[in-house]
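Colleague: Take this structure, written in structure tokens, and hold onto it; I'll ask about it next.
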Amino acid sequence: MDPSMGVNSVTISVEGMTCNSCVWTIEQQIGKVNGVHHIKVSLEEKNATIIYDPKLQTPKTLQEAIDDMGFDAVIHNPDPLPVLTDTLFLTVTASLTLPWDHIQSTLLKTKGVTDIKIYPQKRTVAVTIIPSIVNANQIKELVPELSLDTGTLEKKSGACEDHSMAQAGEVVLKMKVEGMTCHSCTSTIEGKIGKLQGVQRIKVSLDNQEATIVYQPHLISVEEMKKQIEAMGFPAFVKKQPKYLKLGAIDVERLKNTPVKSSEGSQQRSPSYTNDSTATFIIDGMHCKSCVSNIESTLSALQYVSSIVVSLENRSAIVKYNASSVTPESLRKAIEAVSPGLYRVSITSEVESTSNSPSSSSLQKIPLNVVSQPLTQETVINIDGMTCNSCVQSIEGVISKKPGVKSIRVSLANSNGTVEYDPLLTSPETLRGAIEDMGFDATLSDTNEPLVVIAQPSSEMPLLTSTNEFYTKGMTPVQDKEEGKNSSKCYIQVTGMTCASCVANIERNLRREEGIYSILVALMAGKAEVRYNPAVIQPPMIAEFIRELGFGATVIENADEGDGVLELVVRGMTCASCVHKIESSLTKHRGILYCSVALATNKAHIKYDPEIIGPRDIIHTIESLGFEASLVKKDRSASHLDHKREIRQWRRSFLVSLFFCIPVMGLMIYMMVMDHHFATLHHNQNMSKEEMINLHSSMFLERQILPGLSVMNLLSFLLCVPVQFFGGWYFYIQAYKALKHKTANMDVLIVLATTIAFAYSLIILLVAMYERAKVNPITFFDTPPMLFVFIALGRWLEHIAKGKTSEALAKLISLQATEATIVTLDSDNILLSEEQVDVELVQRGDIIKVVPGGKFPVDGRVIEGHSMVDESLITGEAMPVAKKPGSTVIAGSINQNGSLLICATHVGADTTLSQIVKLVEEAQTSKAPIQQFADKLSGYFVPFIVFVSIATLLVWIVIGFLNFEIVETYFPGYNRSISRTETIIRFAFQASITVLCIACPCSLGLATPTAVMVGTGVGAQNGILIKGGEPLEMAHKVKVVVFDKTGTITHGTPVVNQVKVLTESNRISHHKILAIVGTAESNSEHPLGTAITKYCKQELDTETLGTCIDFQVVPGCGISCKVTNIEGLLHKNNWNIEDNNIKNASLVQIDASNEQSSTSSSMIIDAQISNALNAQQYKVLIGNREWMIRNGLVINNDVNDFMTEHERKGRTAVLVAVDDELCGLIAIADTVKPEAELAIHILKSMGLEVVLMTGDNSKTARSIASQVGITKVFAEVLPSHKVAKVKQLQEEGKRVAMVGDGINDSPALAMANVGIAIGTGTDVAIEAADVVLIRNDLLDVVASIDLSRKTVKRIRINFVFALIYNLVGIPIAAGVFMPIGLVLQPWMGSAAMAASSVSVVLSSLFLKLYRKPTYESYELPARSQIGQKSPSEISVHVGIDDTSRNSPKLGLLDRIVNYSRASINSLLSDKRSLNSVVTSEPDKHSLLVGDFREDDDTAL
């Protein structure tokens, strides 16, 4: 570098910029100024950074140049900063034909070249450049005859290596970034930081949680980059001080992808040796890319390893090493020693190769003509709207020509495209935008994982490695991410669960099994979600583990299976040769990835590429071989939800038990009557004990068949045995399996109660027979039959009720069609053939016919026909929806009239209905926080009840022997014919058994899940999708509801509110103004221009307007043009003759003090229409005040007052001038949704605080808030600050619900306690939101909170039922309330236990009576209370307010928003107004670029 050259940099603040057009204008104009080398203008920072020659320009002259363009420029720091330069020495080749002065003039015209010196004798050119603007490669491209003089560079580098290289080079920085969870985070950071001025390259590693940045320190500082990363929500700190690069391009790329080592600071490259060899190793035990990175980073640290490339797919590693220093066997052991030390390595080959000698002292210079292979990354872009292979070819053809694109593969079946690209030349966002520009909907996949490919350098390009020595025993273990990287998920249907103890039993035991990471069991849904390691365990084994616990288990879904996997039943196979024939034939077909045929089961499992081949093609191939093939039928029914099998089981069990119980009950009643009769005789006649015994024995049932065995006890025993052992067999099996795994549940309590009663009775009976007792013992043989009757009745009723709780989900599942009619069309859309196929065989792009009354089998787009479609069960929309060509249809909706042909766009699990079903199922599987308490309580319930039962037995035995009168007083049916001891024991056992019978953990376990299941189902039926029990429970705790503005409170689309006709000396008609303005704005791409054109076409009832020429846009001001050919349009509709009925318009006499209406026709143009007049031109100006003033027009105070009034209401006022006459004013605004004011009022009446949060300016925000009745507003809040604002509200102790569009507001939705995504239609898989409202209706926000409150109230009622039965019933059963006459028999306790579970489920079913309130039901009582707020009642907080601000710099999202924010006034901005601009409503995938809208308004 030559410091004397003196190139400076200055930063100038620029006010008045409103959009990117302003930026472009300043850069173009100032960039042409003599002496200006480079200029970069930032809209969000409102400044311009200029690199200039101080000999030709000064900061003051540059400031004045910007001022002259109509902007306000201010220099805050008058001291310019020096800019680093460098000198290149270029040698002229012998083939040079150009004159020296031509070379000099050519190079001096190049931006970034400050000086040139020519040495003809030495055939050398010394070029002084600014490295941040131009480089040697660009100089060579300008003059190909020049080549870099490496010798001169060596001398210069050796002379002042530290100084010059540090100044002229770039700096590499390693920064630790925390909080990243997925590759979307890395892409966001790379996209935003990579676009900052001075940042050359950036690579963010998710595994290492760090960012490697190559930047120019004179343009950006470390602190600025750190603040930018933290502004995105990721904590960042510098891991290592930045170092100036002294490396070539290859080394930089390698450095960016090499983890930081903790040893010496200076980086050196591993040398290449003359006897380098290459060895290939097979490595088993790698599971993920983290393993690959671990092996590569560890081996590359070895001193004698030149390079290593590890392939996860091929399980191999190719290592280049110095054969004289290390052997392949040593390398093999080194790989096996890499943490965690589980790799198995074998050597396959060794190839000898030679390379250049190393340079031990300094880095070898890389010749300039050696071009390194750049980084290659891979991104997946989801593409909607493709209908055929022509679309695929079109996208591939256009995108493949884009700069930086290496390859592209578009899949019609998967609706996505995989692009390999150079991240230094393009980005995923750019590619996505390019696809959208072609007319398709494109979004970046959440699963994008950058694939970094670095070319293996030749001997001329050695790799950079660390100087660290390799070590093994002291190595820091690498975090094992096997669970996250190598896990699969399956769903298992579980039957036989009765309470929360069963859930806890399954979860606890399965977590102990090797290979199972987590398990979540849903009692009500009867489903278990299991995450497991497929290398260790498979779903059938998991199901078997559950069956061993005593429950039924069936694998119902494998979450890893999806498109590309086919399971078929193949009939006609006789031997192994048939199997071989099918497998070999299929694997020869292109697109078949894997095929396995099992002769024993007659099943074929096939993996295929859906881009190349489809399931119908595979079936046809098998059938062509002479076999029959059909799809394995999947159970699409909701049989596991309606509990039909369980209902049948318990109904049968109840009837069997009842058959034996009725005689037992008859005997018991008979004995009770007789005991009462004898007690009366004893009381009246004062009979002795002997007389009582004789009287009892005279009864038929008390007669002894054998000594000690009465007829009564024999009959009771015979009736009890079948019930005890056959009716109770199910309970014995379940109790045994539970106890085997050291757990206890309701079945254990039942078995204990019945077994103790039966065993006690049998033992006492055998003892009496052995002793030949004359008095018959009192037994409990009547207890087991009566217990089992009430238990079976309770379970029967409980499962009936459970089936009712799942009706909503069952209805959704029943909507799924089973078959589809696929048709074949010719080129003229004439039907050629029809074919009925299973819905699983439908592929994307198929043409499907749907007849009247039929269900749509898949999501699709109508290509032919008109009809009305019933979507009520999916969206909650009661009225049928009209469908025409181009309309989208939803799977499961019903076609009412008219046949339709649709093109399938989403099939299988990707359909809207499948997504809704999946979401509701997962919601009903999840557990609410309050349920976790119940589950924990149930785990201790059974042991506690057993303890209470034993304690009751012992206490009553002790009380009986100490004070027999108590037992005698409260023992029902006591007679003096039995001994005291027997009476005490029987009474104690009766109380103990009753305690076991009445206790019911089931009611506690059912209280929450039944209510959650019914609540989520009712919500789904009403178009409110609640993602689980937690948001359902949390919503009732919400105290603050925060609304986004654009698209939530408002429609999000600008519309014309009012057109005023202004007259001075001449007048012009309303329709003529519309024709002129509509024609003029038809060339505008701005949302406001589009809104004006749309309005004009609607008012004029035409699709074609006049002709617009000489169209010009002046950013920040307005447009000018000339309009012709409108007279024919006006004459056609007879509007040019008379214009008496002017809609939404008035005429204003601007030279008078008052408005006055006019019905006169235009006087500017004569009413006679002729061919000559058709060619008449109108000079049109449309814009703001400043634009009119610039063009010499005077704005009267009355007109200015009109504009101010509109601006106060948050509208944009645009002036129209025709032929230099001010003749019209158009007011445009984003309109408030009709139900918004009512919804806000209802929320306030529910005791909730309502807040409006918007990025729009304060005046517009205040206007919208006043219209809907919101008194607290946060305006000008950037997207990155919305999260901070929500967090601030939460720190005040408030539970916050955030209502937004679910896309741009996703960070705030995730931060809020309850995120509500509104108006997303069929996009029901928004991860950030907790509640998804299918319909774009704000009253559904009210309904979701109301439903939550009703559900939580029902849960509390359920707990009251459960606790009453247990907390009150158990003490009664134990005899605590005997002094007041409350005594329970065991059968009574059993009936109470059964009633508790049934009552809880029936209580939850009351939620099915919930009806979402309608607009009319809300509107009538609120009519008198609703009123707009005055501006003085509204509190507006601007910006981030008092929350801490991480960075003054804006992120990419904020910059895009700012680019598109300028309000209607600022589009055409004059600095006096602060009105807002509204956006057009683009599709949801285009919100990130182009016509982006956050909740702000875009610039014209």
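Including glycine, each Cβ sits where the backbone N, Cα and C put it.
Pulled the feature table from Swiss-Prot, pasting it below:
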TOPO_DOM  1-653  topological domain 'Cytoplasmic'
BINDING   Thr18, Cys19, Cys22  Cu(+) 1 binding site
DOMAIN    377-443  domain 'HMA 5'
BINDING   Cys575, Cys578  Cu(+) 6 binding site
TOPO_DOM  676-714  topological domain 'Extracellular'
TOPO_DOM  735-741  topological domain 'Cytoplasmic'
TOPO_DOM  763-781  topological domain 'Extracellular'
TOPO_DOM  803-936  topological domain 'Cytoplasmic'
TOPO_DOM  960-989  topological domain 'Extracellular'
TOPO_DOM  1012-1356  topological domain 'Cytoplasmic'
TOPO_DOM  1375-1385  topological domain 'Extracellular'
TOPO_DOM  1406-1500  topological domain 'Cytoplasmic'
REGION    1486-1500  region 'PDZD11-binding'
Colleague: Give the residue counts of the topological domain 'Extracellular' (1375-1385) per reduced DSSP state, in the order helix, strand, coil.
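Modeller: Per DSSP, the residues of the topological domain 'Extracellular' (1375-1385) fall into 3 helix, 0 strand, 8 coil.
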Colleague: Take the topological domain 'Extracellular' (763-781) and find every residue of the same chain, 6 or more past its ends, with a Cβ under 8 Å from one of its Cβ atoms.
Modeller: 664, 693, 696-697, 702, 704, 706-710, 712-713, 716-717, 719-720, 757, 977-979, 982, 986, 989-990, 993, 1386
Colleague: Return only the integer: C-alpha distance in Å from Cys22 (Cu(+) 1 binding site) to Cys575 (Cu(+) 6 binding site).
Modeller: 78
Colleague: How far is it from Cys19 (Cu(+) 1 binding site) to Cys578 (Cu(+) 6 binding site), counting Cα to Cα, in Å?
Modeller: 70
Colleague: Where does the mean pLDDT land for the domain 'HMA 5' (377-443)?
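Modeller: Mean pLDDT, the domain 'HMA 5' (377-443): 80.
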Colleague: Measure the Cβ-based neighbour count of Cys22 (Cu(+) 1 binding site), defined as the other Cβ atoms within 10 Å of its Cβ.
Modeller: 23
Colleague: Identify which of the binding-site residues Cys19, Cys575, Cys578 has its Cβ surrounded by the largest number of other Cβ atoms within 10 Å, counting every protein chain shown.
Modeller: Cys19
Colleague: Can you tell me how far the Cα of Cys575 (Cu(+) 6 binding site) sits from the Cα of Thr18 (Cu(+) 1 binding site), in Å?
Modeller: 78
Colleague: Rounded to the nearest Å, what's the C-alpha distance separating Thr18 (Cu(+) 1 binding site) and Cys578 (Cu(+) 6 binding site)? Just drop the number here, would you?
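Modeller: With distance taken Cα to Cα, Cys578 (Cu(+) 6 binding site) is 73 Å from Thr18 (Cu(+) 1 binding site).
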Colleague: Test of understanding: give the count of other CB atoms lying within 10 angstroms of the CB of Thr18 (Cu(+) 1 binding site).
Modeller: 24
Colleague: Under a three-state reduction of DSSP output, how is Cys578 (Cu(+) 6 binding site) classified: helix, strand, or coil?
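Modeller: It is helical.
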Colleague: Looking only at the domain 'HMA 5' (377-443), what are its DSSP counts of helix, strand and coil residues?
Modeller: 21 helix, 24 strand, 22 coil
Colleague: Looking only at residues six or more beyond either end of the topological domain 'Cytoplasmic' (735-741), which have a C-beta under 8 A from one in the stretch?
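Modeller: Same-chain contacts beyond the ends: 501, 505, 509, 548-550, 747-748, 750-751.
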Colleague: Can you tell me whether DSSP puts Thr18 (Cu(+) 1 binding site) in helix, strand or coil?
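Modeller: Where Thr18 (Cu(+) 1 binding site) sits, the three-state DSSP reduction gives coil.
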